[in-house]
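> Copied straight from Swiss-Prot:
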type	residues	note
DOMAIN	5-235	domain 'Glutamine amidotransferase type-1'
ACT_SITE	88	active site, nucleophile
ACT_SITE	205	active site
ACT_SITE	207	active site
């Protein structure tokens, strides 16, 4: 089971090394950094658009990064069916680039939120969640100031009807409540995929919890899902 990971790096990215560490050091996969000024992704199986504050979050989170030269090839790769995984700021970039529906707004509290967060699995049938089970509750940390997912009613209805929601913020026993929602995201949405299922945006940080030494390793399940999918496709 082997996959080639490309981790996109923008000015202001600060979770790129965490994503690289998870793929290369923890899972022993081929991985490399891809600078924002590059024109081609090269030979990769999975593109990770990592967290951080790309371009200082000027204008709004992800708004400048989506115009980086490398994003043209990220869009091309996604449209060709390649796996693209946006984490936190990466989620914001993918929404700005039109690869995912909706947008991310300032947290309802107007405060930065950084804590471990229980998440209920809604769809375990995607390349990003196949190592999980529907209804399972996992815990992954969040760390963001603009993580409130929003879409209009028509878009939300389509997302829900297509089973595009992967994870929702929940209590430890799986109840989706306002109190369990750290940022005010509509429908408690923490992560979702595009209609084709090959592009994922996730506000929590699975790359920060792939080793039990750090207090939890539920994030491993996301990376294991990606490796499972790549292995099946390669076969």
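Note that Cβ sites are derived from N, Cα and C of the backbone, with glycine treated the same way.
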> Determine the minimum-neighbour residue: among 88, 205, 207, listed as active-site residues, which Cβ has the fewest other Cβ atoms within 10 angstroms?
205
> So what's the average pLDDT for the domain 'Glutamine amidotransferase type-1' (5-235)?
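The answer is 96, the mean pLDDT of the model over that range.
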> What whole-number Å value do you get for the CA-CA distance of residue 207 (active site) and residue 88 (active site, nucleophile)?
11
